[in-house]
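Colleague: This is the feature table in TrEMBL:
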BINDING   A:W166, A:E176, A:D196, A:K198, A:259-270  substrate binding site
ACT_SITE  A:H268  active site, nucleophile
Number of protein chains: 2
Amino acid sequence: MTENCESEKPSKIAKLDDITNDEFVSKISPSFETFEGFQVKRILKESPESRSIVVEGSFSGDNSVASVSSSIVILEKTHFTEKEVHGILTKSTALQCLFNNDVYYNFLCHPPIQLNEVKATLIHPASEKHIEKFSTRKSFLIEETALIYQSVTLLHIRESKFDLQWVYNILEHKKEADRIVYEDLDPDCGFILLPDLKWDCRSTSNLYLTGIVCKRDIKSIRDLTSEHLPLLKNIFDKGSASITKKYGLDKSEQRIYLHYQPSYYHLHIHFTSLQFTPPGCNVERAHLLSNVIRNIELKSSYYQESSLDFLAFEGDPLLKKYHQYIGLSSDGDY
Amino acid sequence: MTENCESEKPSKIAKLDDITNDEFVSKISPSFETFEGFQVKRILKESPESRSIVVEGSFSGDNSVASVSSSIVILEKTHFTEKEVHGILTKSTALQCLFNNDVYYNFLCHPPIQLNEVKATLIHPASEKHIEKFSTRKSFLIEETALIYQSVTLLHIRESKFDLQWVYNILEHKKEADRIVYEDLDPDCGFILLPDLKWDCRSTSNLYLTGIVCKRDIKSIRDLTSEHLPLLKNIFDKGSASITKKYGLDKSEQRIYLHYQPSYYHLHIHFTSLQFTPPGCNVERAHLLSNVIRNIELKSSYYQESSLDFLAFEGDPLLKKYHQYIGLSSDGDY
């Protein structure tokens, strides 16, 4: 069936491009019509909130090179379409009543197979790196003092040499120029606003745009002082106004925030619909731009002097460096 | 089938107890075996992230009193159980390949009916209040200045006379005494820590406890000054330590935060597992206790003087009062 597949690669998966699987790849591309022969080895990760589960296993009885290697299956329940709802709420759906009190009923339903699909992502064969990437990683909240920022984080940023060429390509109109929603190319206060790759642009209910500042010397909120207030206010006002104009979402319906730590060290601002809660809008990672502006107005050096909490994951090089710095073991016992 | 239903009432639904449905309630409790005769009227709310949808409709061809009234159906995809996963990943599940590139495959799967259930909650008949409660409400981010707090919010809190008797019952050991995880009854720095009602206490992956302070004169973070630093640090240290001791979750694995606006105006602190993301931990509502302590250390009057953003929902009395105060219409155009 693979020949019927679309050729476009989802962006989320594209990030794994750099993983070399040559040693695993079967010469004959297998054709999956069912999960016949699949043996579950273990559950790597569960997300009850989003109804998804990641499983490691292998296909037995397959004589290809890949037969003994691991595979990863990510199972996700799909969201209801309006059409499916019309089909499910009929006599074709058997109900099993779990509970009734007055006007309230709870049922387990068994809708027709074709109205209740599951999305599966298969990585076959899967390397150790895939397995690591898709396994649950413990997370820890780190209190980064000003000293730890200078001694650990700043060195980490410099050593890691994060590739920002893709950001400069956008700022120089070499890439994604057709996606730009708003731009202000002022060298001090300018920024480019465009849809985030995580947004499918199909509905404003999950609206997600990113504002990338033109200035190249601001790594994160740690660098922001009163000198940057005109820049921050410019983004806050013009970014939100262009979203109101283009998508009809009032400023008070937008969540405008920065990440700390950010995923790349070139200052950028997130604009999402308040109706939508992407993973990065939690209090341990997000900082409302309005609040950042107020804190800098209170004290220009607020973000240089204050401790900041950030979330680090098991296996993250920054977490290891932090542990080394405070001279304790990396078992989370600090 | 209703006679087989369990009698326990889910706590989420229990909140609707006060709604009077006498005028609607059918004399004969209907027995639902399918959704036969259900007519979809409209979609009231969708939550793609949690794979749930709320539908308003009615049962036709039913001769009971309730036949012409509205019903609400909440459909939710269920999370995978490990047993189901073993059954789904077999030859019984038909696969439709959407995409293949190298080792990456995307499929739509059609597992056997009994391995892919949907949970349905039916409210039948449903009143206008039910429909309002289960409909999407627009939300707005409000910038509450110190003046607006004094002129609008504080008056609202005083007028609303929020009933705090249930809080005092806990503090006086009249209720929930058996649920207390830790207590420190010092009149200035004391607090009681107990599992939040939203936690099922079955696993630490969704751990959620609440620390309720003994002092009765602190409404919210707006009242906090340097005078309260010993109290806040006491809760931060002893609350987290008792969770580490009882549930094995290190302080760095806990999200410790306050809400603004809180749902009741007696100071309380939320302790959740970082692995778990309850709705109230978003940046527009949550304030990390560590950060609150640092801000007060920076400036004792930080929370009296600073503007604070808070989320208000359409229909919320506070939003109306805010709009009246700033003298604009309540259509969100401010």
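Cβ from N, Cα, C; glycine included.
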Colleague: When you tally the Cβ atoms that lie within 10 Å of each candidate's Cβ, which of the binding-site residues (A:Q261, A:S263) has the highest tally?
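Modeller: The residue with the densest Cβ neighbourhood is A:Q261.
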Colleague: Radius 10 Å, atoms counted are CB only; among the binding-site residues A:L267, A:I269, which position scores highest?
Modeller: A:L267
Colleague: Non-local Cβ contacts of A:Y265 (substrate binding site) (under 8 Å, 6 or more apart, same chain)?
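Modeller: The answer is A:I157, A:F162, A:L164, A:K219, A:S220.
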Colleague: Show me the subset of A:W166, A:D196, A:H259, A:Q261 whose Cα is within 10 Å of A:H268 (active site, nucleophile); these are the binding-site residues I mean.
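Modeller: Checking each Cα against A:H268 (active site, nucleophile), the hits are A:H259.
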Colleague: Only counting partners 6 or more residues apart, tell me which same-chain residues put their Cβ under 8 Å from the Cβ of A:D196 (substrate binding site).
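Modeller: Listed in sequence order: A:Y208, A:L209, A:T210, A:H270.
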Colleague: Which of the three DSSP-derived classes (helix, strand, coil) applies to A:H259 (substrate binding site)?
Modeller: strand
Colleague: In terms of DSSP three-state secondary structure, what is the assignment for A:H268 (active site, nucleophile)?
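Modeller: The residue in question, A:H268 (active site, nucleophile), is strand (DSSP, three-state).
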Colleague: Work out the three-state DSSP category of A:W166 (substrate binding site).
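Modeller: Where A:W166 (substrate binding site) sits, the three-state DSSP reduction gives helix.
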Colleague: Sorted by position, what residues of the same chain at least six away from A:W166 (substrate binding site) have a C-beta under 8 A from it?
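Modeller: In sequence order, A:K175 meet the Cβ cut-off.
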Colleague: Suppose we draw a 10 Å sphere around the Cβ of A:H259 (substrate binding site). How many other Cβ atoms does it contain, all chains included?
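Modeller: Other Cβ atoms within 10 Å of A:H259 (substrate binding site): 19.
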Colleague: Which three-state DSSP class does A:D196 (substrate binding site) fall into?
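Modeller: Reduced to three states, the DSSP call for A:D196 (substrate binding site) is coil.
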Colleague: At a 10 Å cut-off from the C-beta of A:H268 (active site, nucleophile), count the other C-beta atoms across all protein chains.
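Modeller: Excluding its own Cβ, the number within 10 Å is 21.
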